[in-house]
Amino acid sequence: MSSSQSTSQLKRKQQTISSFFSKKPVAPNGSTTTTPKDGHVKKTIGHARVHEAPSSEMDVVDGAHDAAVRPDEEGDDDYQIILPSRKRIRSNGEVSTLQRGTLADIDNGHSSKGENELQTGIMGSSDSDRAEQPVKIKSGSSRTEKFRFSSSSLPSSSDPKGNGGCDVLYAISADGDASEDGDEEQKRKQALHQKFVKRLGGPDCLPFSVSRVDAGDAEEAEGAESDAEAEAEIVPVPQKGRGGKKTTTGKLTPMERQIIDIKKKHMDTLLVVEVGYKFRFFGEDARVAAKELSIVCIPGKLRFDEHPSEAHLSRFASASIPVHRLHVHVKRLVEAGYKVGVVRQLETAALKAAGENRNAPFVRKLTNLYTKGTYIDDVEGLEESSGNSGSASTSTGYLLCMAESNAKGWGNDEKVHVGIVAVQPATGDVIYDDFEDGFMRSEIEMRLLHIAPCEFLIVGEMSKATEKLVQHLSGSKTNVFGDKIRVERVSKSKTAAAESHSHVSSFYAGRMNAKGTTGDVAASNLLEKVLTLPEDVTICLSSMIKHMSEFGLEYVFDLTKYFQPFSARSHMLLNGNTLTNLEIYQNQTDHTSKGSLFWTLDRTKTRFGQRLLRKWVGRPLLDKTELEERVSAVEELQDPSKTVQIERLKGLLSKIRADLEKSLIRIYYGRCTRPELLTVLQTLQLIADEYVHLKSPADLGFSSPTITTAIAALPAIRDDVVTYLNKINEEAAKKDDKYCFFREVEETDEITESNLGIADVQHRLQEHCAVAAEILGKKKVQYTTVAGIEYLIEVENSPYNLKKVPASWRKISGTKKVSRFHTPEVVQYMRERDQYKEALAAACDKAFHALLADISTKYQSFRDCILALATLDCLLSLANIASQPGYIKPAYTDKTRISVQRGRHPMVEQLLLDTYVPNDIELHTDETRALLVTGPNMGGKSSYVRQVALISIMGQIGSYVPADSATLGMLDAVYTRMGAFDNMLAGESTFMVELSETADILKQATPRSLVILDELGRGTSTHDGVAIAQAVLDYMVRNLRSLTLFITHYQNLSSMAREFPKGELRNVHMKFTESGMDGQDITFLYEVGEGVAHRSYGLNVARLANVPDSVLEVARAKSAELEEKIRKKKMLALAKVAKGFINTDGDAGGPAPALLERVMVGLEQL
């Protein structure tokens, strides 16, 4: 067989190996090939013979890699990348030469005589063979370096055998006679051979199968470079131990060192790290993220302290998410209560390649921190969508800081001084307060329930009672906020007060200097206001400034205009028990907003309107004038004669899709995106344009000053908004195109300079087409783009055309028809263009943030406009409620009075399908100021008293009320003591909690308060319970003179009404009818009637609760027995009174009035 025929046959049989080279392997000079009967090919190279396997056997080893390199051999594949030939492999500074045709045979792993000859052929070939066309390449990555020959495999003078150190593989004599070795030696060779194949046998392990692209090349992608870092981390570099054996190293990769350095500074944070085109979690963070996000976690090291227990692991555990899904997953982690940090790459591939650190890993830094209270990077935030689903938690997004000091007293006499600062980063609102609290911590609880924070920041140590309260409110997802609350703690030094005052002073002085408002009188007054805050509040404010600085949100404290004290007495006080018992913000069943008073009144169309209405509900007005103005506005907004103006307002609100309040504060923080900024400005322009034509308030068509003032504030911002919109390219902003975001006339010098540089490079690239055409001998050459690689020059695959291609041109890709090249000039121009693009991106970002800063100077005027719009939204919501049938406008009086005819429970009425039974109520400080309410269990007593309180609260919010008529006085507070529960954490029984809350009410209530007490005294014996209930009720009526609703099952208390001849205390009961044998069946009428219900009908409730009949029979018998005993005692007592009445001396003027009353009471009870 001729040499040419054998060569073509060899090519067909070695398809997998030929795919690794740009040129087909050619047999060296002097080589001959023969084909024996067994189908194996013997090829002689010099004096060595090569025994090769058929291609079918070779495909088993390398077929997978061949398919990866050449996905479609027969088709015209545009994505086939031609890899350069690799003939020499650098290892430890030396060069070894391998013939192309031999590595495939090594890879096959045959243990035959021909293989022995192969090894001698490799190691024993002449110098002239090794010098044949050497190709040197740079040392590869740690992944490929693992699989390279070491210099020990080359012949050296120190080698006693003179076989080039072939003991590492296996040494064979030049003539290939394997029979000269003994059986033991042959086994040793076989074992060494298998070890070699195991090391070099995988398709991915061939050193020349990995594409080697110079790091300085312009076309090198950023993601590829970053992913290479990840590969380096996943596959560590093995090194030799002392005994020559390979051991796994504990050496960290550069990226691992970066991660550990950042993690050590933020051990309480889940880090998500940008690596190329993915964000990755490492170590324990990966395990947590995989659990919360339901993503895959690749096993590995979990600890970051290089603990010996994980020495057997060579990499960190990891989990990854796509870049475009970052905020989706971050939001889920934040909602789960974690603190999440985003670590980003701070340099791009193009600038990195041109810089001095081109061979170093990407610079990474923690750029964002998020928690529940500080997550504002998503305009949707963590709130539910606008509507009335009522399924979300009632948290408001406040971050509350609390400090406690001066604990004095012990037990029930304990007093603590508390300071709080609560900030809502999404809106810029700041609430502060300073107060003293008792051992029940009712003041703290009230503020926490009102503010409903999503995150606590505790400064220093708390007392046990306060600590237990915080744990109770934040410990689980079933707490009163309906969600788990994050708690962070910071230390408090002994000199905290002085340090905090100094820190706050320097912070605001620095902010004023930066803004240039040092001499501004208004700014100085606001600064004075901040610096005169109480000591504990200042400590909290300082801690909050430091805490928010970690998240880049400290600017929120610049807005001192929006600092509001919590305990301003311009509002009705609703304490924690009242908020819970009356279901102001959430129901008591599943702790959602559905069924609450806020849910009932919420008909708002915007998010910022909904937030304002929530404040209105929790802070009813005390100022009668302000209240009447609000109610008049609500009345005017349902006037049929003004339907056109009202519909115009509703249409304007319905067009607003964005949460303007949140977006505005994001602009202030510099966190706003380009599309979001365009949306905000366009929405503000829409709002301003709606009433820009109006010249005076009279043109509005409304007479209410509340409405006209709010509408007049809308057009005031139009000029500023139009000025900013004129700077923006609308189409580019919609597409988030940073390069064309500004109109051409508004571009900065840096942007213009970068654009000119890019244009110049592109011009030179076009001119280079003519040069390339001249070299190729063509009239015209055009660039093409394939697989994202630009400026490729295509050359047809013919010997005539390919001969014209200079050696300096770099082949990038090709098909069967064409090859694609980059010229050195194109590479240089692309590098310049990428550098200009990076500079352009930086200039565009700088200009955009400068625009946001400019808009921030108008924050207060824009915020006032949004607040005016929110006010209109709330008024329209209340008008919607007022338009429902059965709602009337209440009349207000300066006297402490509640007079309601046919009032109804506002929430139960909406939730019940049946008609709600209305009831009357008449309370007045100078007349009847207390009602003693009795009646059967489940008769509607609690619903009745709640209805009275809710109507009073609704009236002072400014809403219409569900009644036929209502006259309401200005109540300063509503206090409730309802329900039975203990406090095991504080070691307090149900009765203890009941009396403690009652004691707080007796201390705080005033003659202008409404007090509701439900079954006081039931937690102890009957005698003690009656005594306590009677004493408390008497104190409420005689001393406090508060409006009181007292529910009880103690019929003996009804006699107290006779002690108040002017009717200050009156008995009422819930009506019912009896039927059936012995009156066992009763029908609840849910109507309030005069008098006392002398039975509670508890057995009826037991029957409704499906208590077993046998138990009911025993209970019924015992009840009858006890009633009979009591009846006999009363008859005996009445008989004695009657005897005394008969024996009374007629000359004395008849029986005493007290004696007559006792007779009447006895008869009434019987």
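Cβ atoms here come from the backbone N, Cα and C positions, even for glycine.
Small disclaimer: the values here were computed from a predicted structure and weren't measured.
In Swiss-Prot this protein carries:
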REGION    1-165  region 'Disordered'
COMPBIAS  1-21  compositional bias 'Polar residues'
COMPBIAS  62-72  compositional bias 'Basic and acidic residues'
COMPBIAS  107-116  compositional bias 'Basic and acidic residues'
COMPBIAS  117-126  compositional bias 'Polar residues'
REGION    246-373  region 'Mispair-binding domain'
BINDING   G935, P936, N937, M938, G939, G940, K941, S942  ATP binding site
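Here the features listed in Swiss-Prot are placed on the structure.
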residue : record           : contacts (Cβ under 8 Å, 6+ apart)
M938    : ATP binding site : F1084, V1101, L1104
G939    : ATP binding site : M1070, F1072, F1084, Y1086, A1093
G940    : ATP binding site : V917, M1070, F1084, Y1086
K941    : ATP binding site : V933, T934, G935, D1014, I1047, M1070
S942    : ATP binding site : M978, D1014, I1047
Segment confidence, the region 'Mispair-binding domain' (246-373), expressed as mean pLDDT: 85
For the binding-site residues G935, P936, the one whose C-beta sees the most other C-beta atoms within 10 angstroms: G935
Remaining residues near the recorded ATP site, that is with C-beta within 8 Å of the centroid of the site residues G935, P936, N937, M938, G939, G940, K941, S942: M1070, F1084
What is the three-state DSSP composition of the region 'Mispair-binding domain' (246-373), stated as helix, strand and coil residue counts? 44 helix, 34 strand, 50 coil
For G939 (ATP binding site), just give me the three-state DSSP call. coil
